[in-house]
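Undergrad: Take this structure, written in structure tokens, and hold onto it; I'll ask about it next.
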Amino acid sequence: MNPEFWQARWKEKRIGFNQPKVNPLLIKYFSDLKMATGSRIFIPLCGKSIDMIWLANQGFDMVGVELVESAVQEFFAENNISYTIKAHDKNSNIKCYQGQLSGQTIALWVADIFMLRTNDVGRVDAVYDRAALIAMPAELRPQYSQQVIDLSQNAHQLLLTLNYDQNERAGPPFSISHEQIQQYYSAHYQIQELEGKPSTLNAAPEMTVTENVWLLNKP
């Protein structure tokens with residue numbers, strides 16, 4: 001990952017990927033994961049996503065990871081959630097912000113996701129990936145997808161991706177083809193496409209984009 005790129009995006013408020021409302025595809029399809037109340041959801045590259053507020057209000061705990069500390073600070077400040085900060089036991093550059101909302105625990109690691117270990121993240125019952133895989137350049141995606149599988153101990157995933165002509169725009173967000181989904185995940189999951197719908201990019205509204213929703217279940 002390129003820390004300087006993402007630090008600059010947040011500092012300059014070029015965060016069109018941060019949605020002001022809960023993602024309607026999360027609301028529509030989260031129940032397909034069949035998670036019991038109290039389950040713990042892992043959200044990679046979580047930013048300050050308001051989706052986490054919705055998940056807490058549905059009765060789920062969360063653990064997230066975000067490279068940019070100011071994004072995590074803004075999440076807690078903008079939602080009036082008190083928090084504590086826990087230092088990492090071995091890496092002084094990693095810390096965890098933790099707070100409570102609607103009786104649910106939200107623990108957000110400030111870290112490069114590739115630096116985290118399974119015991120840092122703890123128990124994971126499902127993964128919600130809305131903006132992480134599509135933020136990764138092609139050369140990092142195999143490593144990223146395997147890292148999430150390892151950190152979550154092969155938990156089910158609800159995955160949102162975009163598919164468009166990558167020649168028209170460099171990204172991020174990057175285009176992910178059906179073939180690439182198979183490449184990254186078929187060794188570990190049964191893959192089901194729940195929806196593919198026309199969508200747009202804030203930075204390029206004239207482009208033809210398909211937003212895909214994937215359910216990744218353990219065999």
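Glycine too: its Cβ is placed from the backbone N, Cα and C atoms.
Not my notes, these are from Swiss-Prot:
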type	residues	note
BINDING	TRP10, LEU45, GLU66, ARG130	S-adenosyl-L-methionine binding site
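Could you place these features in context, so I can see how deep they sit and what lies close by?
TA: Over all protein chains present, the Cβ of ARG130 (S-adenosyl-L-methionine binding site) has 23 other Cβ atoms lying within 10 Å.
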Undergrad: Indicate whether GLU66 (S-adenosyl-L-methionine binding site) is helix, strand or coil by DSSP.
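TA: In the DSSP reduction, GLU66 (S-adenosyl-L-methionine binding site) maps to strand.
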